[in-house]
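> I am attaching a structure below and will ask some questions about it afterwards.
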């Protein structure tokens, strides 16, 4: 880009876009190539290129910060012209800058780029720093000494003008500005030289800095002697390689191989890569240059690209506002109060300790209850990048940790790939379906996960392909699972389990009303007054067309209605419609599901149990009857082993206490008892139907009708104790929905009644029981 005039404000202030570098200091009259990869920098370059304007190049104070604030940037920089040397496939640039003059940044501001994606970048109004080029005789001698001493270093610089190798009065200020680039000065020293307007004082500072460097070299001389042999060998190799390169260049036979190598070296020198990574990259670059065939070159180049593109210092700033996190979670997710409370507590401790170490969150719950979207909301709330790896069905350890480079087509594992995609060292990293990890002869991925999730080890994670330690300690890992019992025990030990239960119908209604309908209307290009849903219509969809723990089927049903309505809009010129129960039936046709309701008539031997299912809960009718026989018991209804045992325990308890219950003990040898649980196509298991089975048997034997509005749940022992069960919330809601408002449950489950919505609790009677006598006294006396 040619040197063009920059914009001026109404007050004649000069304005230019600002490129912030990681410790690279520019000077007037110099020329250097820089790799540009940060989004802000790319946006600033594109804007300046489009407007054909020069830029201010200035360094940030701390090179390790990925996104410096205004206060973390030096206020003196260099106005530069620039040309784009190369644009890389990932959108980054190689830019050659030419320094024009020293400038003082008066005011640094931000603005957004043009185009669809708005990226903020810095611009500034600035003023030129007037330079004093007068020299005393002693300083004239000093510049001659410096030029003579460091002539080779200057000559080795890629863009140093050969015409300036001979010192003259006209070019001495140019030589002084090139010297800090040729010599190994610290960032602070380089910035001091940029901010100094006096040529005489700049020479004095350079003399001072080089003397300090010489003292340091003298201290290290003994160490240098010990490695002279190896160094001499390396210098010889370097010399010969450069000779070959020079000959090829002279013949016009220079290939892109050398250009690639030099570009990689520049990128490594100009960025704060960890020392062991720098060493490995430079070693691989040497192999790249000496590779003799295209396959070898391609493999080396691919490996270097993976190694150099991984994030090592880039990070997003941490968010310290719990209120912001809470707002995002509440806006994106209805209900789940206890889950959100646990997440807030977990994040609060991380924020306070400023440490990434600690247990890993694992969200456990049925499909569709919002585990993945919760993880995405956490990333959004913390303003962090979000990446996801699906672990379902993974059986090969190499999928996680990569294949060794000796294999054809070797690549890094999914962890390294995801980190490269994130582009920062501290993303939110979702490990989806961790309970579905498998294992076979190729290895055990669950064991490989231990290195990744253990905070004491994951700062040295080793991928088989990368072969260098990589730090995962800044990553916020979140795992998800459907079934907690399927998580391998060593992994389970490292996880903090947060359980998400299935949504109630009221919760599903609120989610559909406040989230799903709005989302689907936007997707279908419909306005909110074109298609409206009543509460009755949405409730009918939930009850009669879906049976699930989450809301995915509800979303599909609403989307189906929206599609069919759009078709009618096009064909029948229908302008708007309100969707109630009848409209739902019209669009979705025949109902798919029904929920179990209480019987209208009372009958001996029939009792309502309460079932917990993956779709929430349901009433579980239990029937018992007997006929003359020889004391046999028949059990039907597709009952699994545990529930069959519950039938036998219930019968054993009744037999033992027959006299107390007013039953002749002899009758058990004279009848055959039959226990049946309807809906035989559905497998049923668990011990929680114990007291319902006992009541059904007693009701049949005593010929006592149990009111159909009664439902019960609880495990029973042979001594008549009623033991704690799970799924209190789901069972209670389903019982109320089915018409049962008089519920018996174990005393020990009292602690879970707070989970039951108030609108349900206020309309039912709950009897808490310690022993079966409490049930018997209420129903049979």
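Each Cβ is built from the backbone N, Cα and C atoms, and glycine gets one as well.
Straight out of Swiss-Prot:
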type	residues	note
DOMAIN	16-214	domain 'Lon N-terminal'
BINDING	365, 366, 367, 368, 369, 370, 371, 372	ATP binding site
DOMAIN	601-781	domain 'Lon proteolytic'
ACT_SITE	688	active site
ACT_SITE	731	active site
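Can you walk me through where each of these features ends up in the structure?
Look at residue 365 (ATP binding site): DSSP puts it in coil. The local packing around residue 365 (ATP binding site), expressed as other Cβ atoms within 10 Å of its Cβ over all shown chains, amounts to 24.
Residue 688 (active site) falls within neither a helix nor a strand when secondary structure is assigned with DSSP, and so counts as coil.
Under the DSSP three-state reduction, residue 731 (active site) is assigned to helix. Same-chain residues at least 6 positions away in sequence with a Cβ under 8 Å from that of residue 731 (active site) are, in sequence order, 610, 611, 612, 617, 713, 745.
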> Here the binding-site residues are 366, 367, 368, 370; which one has the lowest number of other Cβ atoms no more than 10 Å from its Cβ?
367
> Going by DSSP, is residue 370 (ATP binding site) part of a helix, a strand, or coil?
coil
> Tell me, if you would, which residue among 372, 688 (recorded positions) has the fewest other CB atoms within 10 Å in the structure shown?
372
> For residue 372 (ATP binding site) and residue 688 (active site), what Cα-Cα distance in Å is obtained after rounding to a whole number?
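Residue 372 (ATP binding site) to residue 688 (active site), Cα-Cα distance: 31 Å.
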> Measuring Cα to Cα, how many angstrom lie between residue 370 (ATP binding site) and residue 688 (active site)?
28
> For the recorded ATP site formed by 365, 366, 367, 368, 369, 370, 371, 372, which further same-chain residues have Cβ atoms within 8 Å of the site's Cβ center?
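Not counting the recorded site residues, we get 363, 480, 482, 500, 549, 550.
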> To what whole number does the mean pLDDT across the domain 'Lon N-terminal' (16-214) round?
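Looking only at the domain 'Lon N-terminal' (16-214), pLDDT averages out to 86.
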